[in-house]
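Engineer: Here TrEMBL flags 32-53, 93-113, 120-138, 144-164, 176-198, 218-239, 265-290, 302-324, 331-352 as transmembrane segment.
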Amino acid sequence: MRSDIAGGGPRAGRRPRWILVRSARLPVSTRVRVRTLVLALVACGAALAMMMWSLTLGSQELGPAEVVRALVGAPAEPGHTFIVHSVRLPRTLTAALVGAVLAVSGAVLQALVRNPLASPDVIGVNSGAGLVVVFTIVTALPAALIPVGAFAGATATAFIVYALTWRSGVSGTRLVLVGIGVNAAASALTTLLIVRYPVDRVSLAVWWQAGTLSGAEWADVTVLLVGVAVLLPVVLWFVRHAAVLQFGDDAARALGVRAELARTALLVAAAGFAALAVAAAGPIGFVALISPHIARMLAGPVTGGVLLFAAGIGACMLSAADLVARHAFPVALPVGVLTAAVGAPYFLFLLARTDRGR
C-alpha cells in the first residue's frame, strides 16, 4: 500500500488537500481528503478515549495505568486482569463496534437514496431484524441462529421497503414513509410474539428489545469483527457509485456502472451492518441517523474517508451513551433508552429542516 500527496491546484507550494492511496499489488486506488482524514482520526481518538474511560469505571475503579497493564499482559493484580479482560472489555468493544456498524449502515442508506432521514431504525430494517431475533428467543431456538436470523430479517425488510418505494427510481421521501409503515408492521408482529408466549420466555426478549449491552460477550465481538471484515470491502468498492445511481440506470450504464449490482450490493451491505448491531445489542435507535449526518455536515459527501469518520462518531456516541446509561443513574438503563431520548428530538429537527429546504 502506497500513499501519495495530491495538491489542491496548479500553484506550486499550495497546501495538499488529498492523499492518494494505491495498492502495490491490486489495481485499486482511492483519494482521501486531508481534512476528512484528520476528522476521522479525531473521531476515532475520541472513541478510544471513551473506551479507555469505560474500562476504568465500575464497582471497582481502576486507574488508566492499571488498565493498560492488564491489556498488554504486564504484571498486574490478578483481579484487575480478570475484570478488564473478562468483564469490561467485551462490553466496551461491543459498544464501539455496534456504534460503528450502525453509523456505516446509516451512511450507506442515506447515500443510496439521498435522504438524511433514511437509516435502518427509521425505515424498519432494525425492526425486521428484531422480529426474527425475538422469534428465535421466544421459541427457544439455538442462540447461534440469532446473527443469521437478524441478517435474514434485515435484508428481507430492506428489499421489501425498496421494492415498495420503487417507481422508475427511488424517492427519498417515499422511502422514509414506506419504511415507517413497514417499521410499524414489524413492531406489531414483534409485540404479538411477546404477548403470545409465556412470561419466562419473553422476559429476555423484552429486555433485549430495549437495546442493551449488558450481556455482551467475546462471541459478540467475534461475530461483529467477522461481519465487518466481510461487508466493509463491499461497501468501499460500491459506495463510489452511489451518486451515479441517482441519475437513473441508463446514465449509470453509460458511465460503466452496473446499476442493479451496485444498488443490490449496497442495500445488502447496509442491511448486514444493521443486522450485526441488532444481533449483538438489540434495536438501538438513532445512532445510524445522527452519526452520518454529522459526518456529512463536516466532511462532505459519502466516501471511504467519510465512512471512517462516521464510524468513529458512531463508536464514540454509543460508548458515551453506554457510560451514561451505566453510571449516571441510580439504576443502570438499557443504552437504547438513552439513544432514543437523545435521538428522537434530533430526528424531529432533521424533519423540520428537510421540510424547510423544499
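Glycine residues also receive a Cβ, built from the backbone N, Cα and C atoms like all the rest.
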Engineer: Using a Cβ cut-off of under 8 Å, list the residues of the same chain at least 6 residues beyond the transmembrane segment (331-352) that approach it.
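Structural biologist: For the transmembrane segment (331-352), the sequence-distant neighbours (Cβ-Cβ under 8 Å, at least 6 residues beyond its ends) are 95, 116-117, 122, 207, 210-214, 281-287, 289-290, 293, 317-318, 321-322, 324-325.
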Engineer: Go through 32-53, 93-113, 144-164, 176-198, 302-324 and flag the stretch with the largest number of C-beta pairs under 8 Å relative to the transmembrane segment (218-239).
Structural biologist: 93-113
Engineer: Tell me if the transmembrane segment (302-324) touches the transmembrane segment (32-53). I count contact as 3 or more CB pairs below 8 A, with pairs 6 or more residues apart.
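Structural biologist: Output yes: the transmembrane segment (32-53) sits against the transmembrane segment (302-324).
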Engineer: When only pairs 6 or more apart in sequence are counted, do the transmembrane segment (93-113) and the transmembrane segment (144-164) reach 3 or more Cβ pairs under 8 Å?
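Structural biologist: Between the transmembrane segment (93-113) and the transmembrane segment (144-164), contact is absent.
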Engineer: Go through the chain and flag residues at least 6 beyond the ends of the transmembrane segment (302-324) whose CB is under 8 A from any CB in it; none is fine as an answer.
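Structural biologist: Counting only partners 6 or more residues beyond its ends, the transmembrane segment (302-324) has Cβ contacts under 8 Å with 30-33, 36-37, 39-40, 42-44, 46-47, 50-51, 53-54, 57, 91-92, 95-104, 106-108, 110-111, 213, 235-236, 239-240, 242, 284, 287-288, 290-292, 294-296, 335, 338-339, 342.
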